[in-house]
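**Q** This is the structure I want to talk about, given as structure tokens.
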Amino acid sequence: IFNAAPFVVSPPPPLFQEVYFKNLSKQKQKEVMEKNGNNHKLRVCVATCNRADYSKLAPIMFGIKAEPQFFELDVVVLGSHLIDDYGNTYRMIEQDDFDIHTRLHTIVRGEDEAAMVESVGLALVKLPDVLNRLKPDIMIVHGDRFDALALATSAALMNIRILHIEGGEVSGTIDDSIRHAITKLAHYHVCCTRSAEQHLIAMCEDHDRILLAGCPSYDKLLSAKNKDYMSIIRMWLGDDVKTRDYIVALQHPVTTDIKHSIKMFELTLDALISFNKRTLVLFPNVDAGDKEMVRVMRKKGIEHHPNFRAVKHVPFDQFIQLVAHAGCMIGNSSCGVREVGAFGTPVINLGTRQTGRETGENVLHVRDADTQDKILHALQLQFGKQYPCSKIYGDGNAVPRILKFLKSIDLKEPLQKKFCFPPVKDNISQDIDHILETQSALAVDLGGTNLRVAIVSMKGEIVKKYTQLNPKTYEDRLELILRMCVEAASEAVNVNCRILGVGISTGGRVNPREGIVLHSTKLIQEWSSVDLRTPVSDALHLPVWVDNDGNCAALAERKFGHGKGIENFVTLITGTGIGGGIVHQHELIHGSSFCAAELGHIVVSLDGPECLCGSQGCIEAYASGIALQREAKKLHDEDLLLVEGMSMKKEEVVSAAHLIQAAKLGNTKADSILRTAGTALGLGVVNILHTMNPSLVILSGVLASHYVNAVKDVINRQALSSVKTVDVVVSNLADPALLGAASLVLDYTTRRIY
């Protein structure tokens, strides 16, 4: 009866405005209240250990305090709240007008892991007396800190029901173990994401005691951005600072590798000093290694540096405004990968402390932050960008759900936990805000004849496609691209798709780092030194990726086609021209001047026909659609093309298709031309095998099926025996150009690892 309805994007449909539970009716709530005793108020103990957990617990505490007819609230404060070095943050609880029932000094000063263990032991010694006096019906515990483990252990051993907030999540370091240990001690669970809910079920927790509510802090986050923020920014960073022109840094020690985390913090500060932007640095959590991090700050003069402001604590309301309007947040705090996504602020997540967390596309991961240059480059990539706001962790309605959940608890039910061991089934939501099901890309294919734009889902389904003739001039072409993209982005809302970004596939040489077409093929005129990324990104407010059409075809195969899971393979496009892409060790090869994989211009004959590139004897001069059309016209001009069973209208243009048809009907000259083209392509493939030694060659495009046998024959005759075992297959993708353009977006926005 405790399953919450999935939270939806505001404003929600009328059904979800009233219903927070699938199976919990008003009558059921009434029955539970009667069982607990009509006059019995639920006595709730909320224990908070530090500034981070208070930001999640405070919205729940306000909600409990607002309903005195149902609840009695007792507040216990312990941990770093009571330490001057960390800002005496218990004062903000008093400022919020909460009565603190008990203050427990539980932190043992020290700089190693032993101090954390001793702090847990000290809390275990002091808590029983407090809980005996309070006698709460339920204790609310948040997160994964060592203090929270002491709270959960004490309550469980004293037969006090435990409600655990944010269980089921995955991150790095010892926090994972602590979080999951608290889960096993807790009787009820409030989780923030669908994945966390599934993890709790997989951990054999009772599904009826799990509430998918979202993160309580999002209730405040999603209503915070319209408040006056400039006064807050000036107060903490100075009068001369502008929005989007400063950095917030928050980094904590990693207790499983303290030495490395100290070194990483030192490199981060060096990078921030070099980057030369105003930066607010917050002191780290109370953990083994925190004092050493403070010493590093002081050694580098951060507290007196004109570009830095070092502070022990910022009130959460003000901290929200600071990160919402920052140019970037950097560090390894869970706040960066969770709360900051609500504003679309760019985040650089350093190291492994948050490994496994679900993140929005605003987060750039620097897993091995082992050099200053790597961190500095990440700052250059992220600073000042604006990403779409993410609601992975909540929709702003968590607290009402949690309060209804608390009211529904039957205190007469047995206290002993029951574990469930059913097979875990996929729970696929049909709601628009189920992020993984609605993630999509806008794919643009800039061809020689047509301009195509499509909405492509994460599974490679082309949801909607638009096609227009490609204009001849630069201005008309760019205007049409923008118009079609805006139209498709608007339509995406109607088909329940959330656009993550735009991928553009185009012919010619492309600088994918800058999104610039350096120069294109003769098929696309007036298309050199063109910045495609900036105008499209400005129009749609989305990240944009641009790459060569051959590279895009290879990416499509890697994500959706024969190349999935293959470490080394080559894709050859056989169409109007000849192109391709090379994937080596799972990565696309671009080359030093972005000219890698120009496979159509491998020379297979020194005195062969002239190619459009100006050279002679290229594969493209033999095997492309243009080359076959050229040979077909020659035969037709000499009345040697048409054979019995063929006919052409007077105005019909001779094409490669006529040559193929003639060869099938027994035209020996047409057949000879096709065999020569197949041999030329096969020789090019042999050269590729001898150079790159891939395990797979994928032939793509309209001519692939006509060439595949010829290519295999040439490999058997001409290739070294060590590469003859290579697989040569025909692509099974219906639209590799669009799927490849979509892959540019989907591969990098859903799991971006730097």
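Placement of Cβ uses the backbone N, Cα and C atoms for every residue, glycine included.
Remember, it's a predicted structure, so these values are computed and weren't measured experimentally.
Annotations per TrEMBL:
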- 70-407: domain 'UDP-N-acetylglucosamine 2-epimerase' (DOMAIN)
- Arg509, Thr521, Asp549, Glu598, His601, Glu620: N-acyl-D-mannosamine binding site (BINDING)
- Asp549: active site (ACT_SITE)
- His601, Cys611, Cys613, Cys618: Zn(2+) binding site (BINDING)
**Q** Within 10 Å of the Cβ of Cys618 (Zn(2+) binding site), how many other Cβ atoms can be counted across all chains shown?
**A** 28
**Q** What same-chain residues, at least 6 away in sequence, bring their CB to under 8 Å of the CB of Asp549 (N-acyl-D-mannosamine binding site)?
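**A** Listed in sequence order: Asp445, Leu446, Gly447, Ser505, Thr506, Gly507, Ile573, Gly579, Ala737, Gly740.
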**Q** Mean pLDDT across the domain 'UDP-N-acetylglucosamine 2-epimerase' (70-407), rounded to an integer, is what?
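**A** Here the predicted model's pLDDT, averaged over the domain 'UDP-N-acetylglucosamine 2-epimerase' (70-407), is 91.
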**Q** Just counting, how many other CB atoms are there within 10 A of the CB of Glu598 (N-acyl-D-mannosamine binding site)?
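**A** Taking all protein chains shown, Glu598 (N-acyl-D-mannosamine binding site) has 18 Cβ neighbours within 10 Å.
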**Q** Can you tell which of Cys611, Cys613 has the least company, meaning the fewest other C-beta atoms within 10 angstroms of its C-beta, among these binding-site residues?
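**A** Among the binding-site residues Cys611, Cys613, the sparsest Cβ neighbourhood within 10 Å belongs to Cys613.
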**Q** Would you mind listing, in sequence order, the residues at least six apart from Glu620 (N-acyl-D-mannosamine binding site) in the same chain with a Cβ closer than 8 Å to its Cβ?
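**A** Gly577, Ile578, Gly600, His601, Cys611, Leu612, Cys613, Ile626, Ala627 - these are the non-local Cβ neighbours of Glu620 (N-acyl-D-mannosamine binding site), listed in sequence order.
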**Q** Could you name the residues, excluding His601, Cys611, Cys613, Cys618, of the same chain that surround the Zn(2+) site, i.e. Cβ within 8 Å of the Cβ centre of those residues, in sequence order?
**A** Gly600, Val603, Leu612, Gly614, Ser615, Ile619, Glu620, Ala621
**Q** What does the structure give for the C-alpha distance between Arg509 (N-acyl-D-mannosamine binding site) and Cys618 (Zn(2+) binding site)? Integer Å is fine.
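**A** Cα-Cα distance, Arg509 (N-acyl-D-mannosamine binding site) to Cys618 (Zn(2+) binding site): 17 Å.
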**Q** Measure from the Cβ of Arg509 (N-acyl-D-mannosamine binding site) and count the other Cβ atoms within 10 Å, all protein chains considered.
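**A** Here the count is 19.
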**Q** Sorry to bug you, but what's the C-alpha spacing from Cys618 (Zn(2+) binding site) to Glu598 (N-acyl-D-mannosamine binding site), rounded to the closest Å?
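**A** With the alpha carbons as reference points, the distance is 11 Å.
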